[in-house]
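*Asks:* A single structure is presented below for examination.
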Amino acid sequence: MEDAAQEKQTHVTIQGAQQSISPDSVGEAIGNQQSSVPLLHRNKRWLLMALFSVLVLFGQSAATLLGRLYYEKGGNSKWLSAFIQGAGFPILLPFLYNTKDRKNNSSEQTKTPSPLVLGSIYMVLGTLLAAVGMLFSVGLLYLPVSTFSLISATQLGFNALFSFFLNSQKFTPLIVNSLVLLTTSSALLVLQNDDSSGSSKSSKGKYAIGFICTLLAAALFSSILSLSQLAINKILKRQTVKELLDFLIYQSLVASCILLVGLFASGEWRTLSAEMNKFELGKASYTMTLLWIAVCWQIFSIGMVGLILKVSSLFANVISTLGLPIVPILAVFIFKEKMSGVKAVAMLLAIWGFMSYIYQHYLDDLVSKSGKKDVDSKEISLIQN
């Protein structure tokens, strides 16, 4: 009788377990597991985006202000100013060395491009980067830093055009609105000459030269971002930390070599010793200013390439545009620049344009989330059936 009772109890237990493990419960468990993975992935993606955005904003703002400080306190070498924008790449070499062995652990079986293809990519991007550095240096020399920053916002419009043709970027009404506002913001600055600015003694001719150089630099910089995204997605096809560091180091190496040749060919290197002695803050401050400019531009570059890898070149440019209200406001206190009415309106339009694009990205993220939920629900229903 005890054996019969035990068999009966075992049968009841198994039957209860079978009832508890129903198709609905299996589908629910699988659905919870599947939904938790995308949630963790999205949270990690947003954290990385936030980190790279902070690097962009800090690096760009600090480097721009220090670059203007160099000119304000006695610096006058355009070639040196351009050279140090990319000369800080050696600080990334230890990180590159530590990530070399990680590529072998990757499960991706992507064919590595030939050295000739890689060399051509880095030569083209490095040459463009050298041109951007020189043009930005001239613009920063002849323009107040607030005006310089606002004109630089046109790179978002240029980048949208390049992304449309090179990266298949779709235009929506909000993105078009953002581009129109940012373009109008910079166009307003053509209507004024900043001779009234306390930090600028430039003539109208130099102001025009600075405006044109900054505008050209914004266009070239936008082309670099779009070409970088194209090269990463279509040629390299690997989005790893090593690829990010390779892009930064080899581009900067090519740009630094070109600008170093220009520094010696122009003869400006002969005046650097006297420039250091006459620097208003002293020799030590002269050296530290140049050093931190180089470091801050590398921080900015890491953030930009990281945003290109995780989102797009257009989004990376939008984040750099977010620094617009930071630099002009700080310039008022640091360099005693005047905030004219036209400049204030231009800054407000730029902020409006930035918020318009961010809202579009927020809507795109919501659509992406809803699409993933629909896919997960279909998979669960198939399992249940």
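Every residue number used here counts from 1 along the chain in the order it is shown.
In case you wondered, yes, glycine gets a Cβ from its N, Cα and C as well.
All annotation found in TrEMBL is predicted automatically rather than curated by experts.
Annotations per TrEMBL:
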type: COMPBIAS; residues: 1-10; note: compositional bias 'Basic and acidic residues'
type: COMPBIAS; residues: 11-23; note: compositional bias 'Polar residues'
type: REGION; residues: 1-27; note: region 'Disordered'
type: TRANSMEM; residues: 46-67; note: transmembrane segment
type: TRANSMEM; residues: 79-97; note: transmembrane segment
type: TRANSMEM; residues: 117-142; note: transmembrane segment
type: TRANSMEM; residues: 148-167; note: transmembrane segment
type: TRANSMEM; residues: 174-192; note: transmembrane segment
type: TRANSMEM; residues: 207-232; note: transmembrane segment
type: TRANSMEM; residues: 244-265; note: transmembrane segment
type: TRANSMEM; residues: 285-307; note: transmembrane segment
type: TRANSMEM; residues: 314-335; note: transmembrane segment
type: TRANSMEM; residues: 341-359; note: transmembrane segment
*Asks:* Run the contact check on the transmembrane segment (314-335) against the transmembrane segment (117-142): 3 or more C-beta pairs under 8 Å, excluding pairs closer than 6 in sequence.
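*Replies:* Checked: the transmembrane segment (314-335) vs the transmembrane segment (117-142), no contact.
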*Asks:* Could you pull out which residues elsewhere in the chain have a CB under 8 Å from any CB of the transmembrane segment (244-265), counting only those six or more residues past its ends?
*Replies:* 77, 79-80, 82-83, 85-89, 92-93, 95-96, 99, 118, 122-123, 125-127, 129-130, 133-134, 228, 232, 298, 301-302, 305-306, 309
*Asks:* Would the transmembrane segment (46-67) and the transmembrane segment (341-359) count as touching if the test is at least 3 Cβ pairs under 8 Å, pairs 6 or more apart?
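*Replies:* They are not in contact.
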*Asks:* Between the stretches 79-97, 117-142, 148-167, 285-307, which wins on the count of C-beta pairs under 8 angstroms to the transmembrane segment (341-359)?
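*Replies:* By Cβ pairs under 8 Å, 148-167 leads among 79-97, 117-142, 148-167, 285-307.
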*Asks:* So which residues does the transmembrane segment (117-142) touch in its own chain, when a touch means Cβ under 8 Å and the partner is 6 or more beyond its ends?
*Replies:* 64, 67-68, 71, 76, 78-79, 81-83, 85-86, 148, 151, 200, 202, 206-207, 209-211, 213-214, 216-217, 220-221, 223-224, 227-228, 231, 235, 247, 250-259, 262
